[in-house]
Amino acid sequence: MSTLTVDNVTKTYGDVVALDSVSFEIENEFVVLLGESGAGKSTMLRCVNGLTHPTEGEIRLNGDPINGSRSDIGMIFQQHNLVDGVSAYMNALTGSLDRTSTVSSLLQQQNKETKERALEALQTVGLLEESHQRTSQMSGGQQQRVGIARALVQDPALLLADEPVASLDPSSAESVMDYLKKAASVHEVTALVSLHQVNIAAYFGERFIGLRDGEILFDVSPEKLTPGLVDDLYGNVETVGLATDNSDNSTVDTSDGTRYDTETGSDGTDEVDVIGRQVES
C-alpha cells in the first residue's frame, strides 16, 4: 500500500486559479473526487500524475516529491487511449513500456514474468478469455477494463482514474467501477478516482473529496455524504437517491454477460491453467 500527500497545492493558468490551497492525504483507500466540470478534478489528477506541476505546494508519494511522470503511478483515462488493431493482451503489455522503452522490445523481448503479469491483470478485470481479441471489437466497457489492466501491468503504488466511466451506459459504468475497485483491492493499490455520477461514486467510494472552484468543499466518509452536501457541491441540482451498500451480493453480471463472483474474483475460468497455456504460447 502507499500514501499520497497533497500539501497546500495551488495551480494557476495565467489569471485562472484551477486549484487553491488544496491539502489532503490518502493511505490505503479508494477515494473519489467529486465536482462539476471545471471544479479542478482533472487538474488535481494531472498534478498528482506529474503531467503538470503545481504553482505552489507539494505532492508526495510515500514521502518522495512527485516532480514528473512516474512508472509507479498508473493512470486510467476517460478515453481509453488503446492501441488500435492489436489485442487486449498487447494493449495490457504496453503498461510495461516505461521498463522496455520501445514498441519493438514490447513485441519481441518481454520476459515470462511481464507476460504473466499482463495476463493476470486481464484476469483481474474479467477479460482473460478475451485476451487475444482485438480491442476494436470490444464494447466501451470492455475497452476501459483493458485500460485498467494496462495500468496494473505498471505494478503501480498509486492508481488514478479521470472520469473512467463518463462515456459508458449505467450498466457498463457499474461493471467497470466494480472491476476498478477490485483491482485496487487485489493489488493493494491506493486509488484516487474522479467521477461526476453521484450514485456510482456513493456506491463504490470509501471516502469523498468534493471540489468546487478549485477548493475542497468537503472531505467525508460514506455515511457523511448527504444529499445536502451533494446539493451544495452541484448547486442544488436534482439528484437521485444515493446508492446503498449491497455488499451481501457476492456476484454481479458484467457488461459482457459473465456472471462474476466478487468475493473469489472468479468468472469460472481456471486462472492458473489458462495463464500457463498463454504464457507458453
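All residue numbers here begin at 1 and follow the chain in the order shown.
Including glycine, each Cβ sits where the backbone N, Cα and C put it.
Taken from Swiss-Prot as is:
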BINDING   Gly35, Glu36, Ser37, Gly38, Ala39, Gly40, Lys41, Ser42  ATP binding site
COMPBIAS  244-255  compositional bias 'Low complexity'
DOMAIN    4-238  domain 'ABC transporter'
REGION    243-281  region 'Disordered'
Tell me, if you would, which residue among Gly35, Gly38, Gly40 (binding-site residues) has the fewest other CB atoms within 10 Å in the structure shown?
Gly38
Setting Gly35, Glu36, Ser37, Gly38, Ala39, Gly40, Lys41, Ser42 aside, what same-chain residues sit with their Cβ within 8 Å of the center of the Cβ atoms that define the ATP site, listed in sequence order?
Thr43, Ser194, Leu211
Ranking the binding-site residues Ala39, Ser42 by other Cβ atoms within 10 Å, which is at the bottom?
Ser42
Looking only at the domain 'ABC transporter' (4-238), what is the model's average confidence as pLDDT?
90
Restricting to the same chain and to sequence separations of six or more, state which residues have a Cβ under 8 Å from that of Ser37 (ATP binding site).
His196
For Lys41 (ATP binding site), list the number of other Cβ atoms lying within 10 Å of its Cβ atom.
27
What same-chain residues, at least 6 away in sequence, bring their CB to under 8 Å of the CB of Glu36 (ATP binding site)?
His196, Arg212, Leu233, Tyr234, Gly235
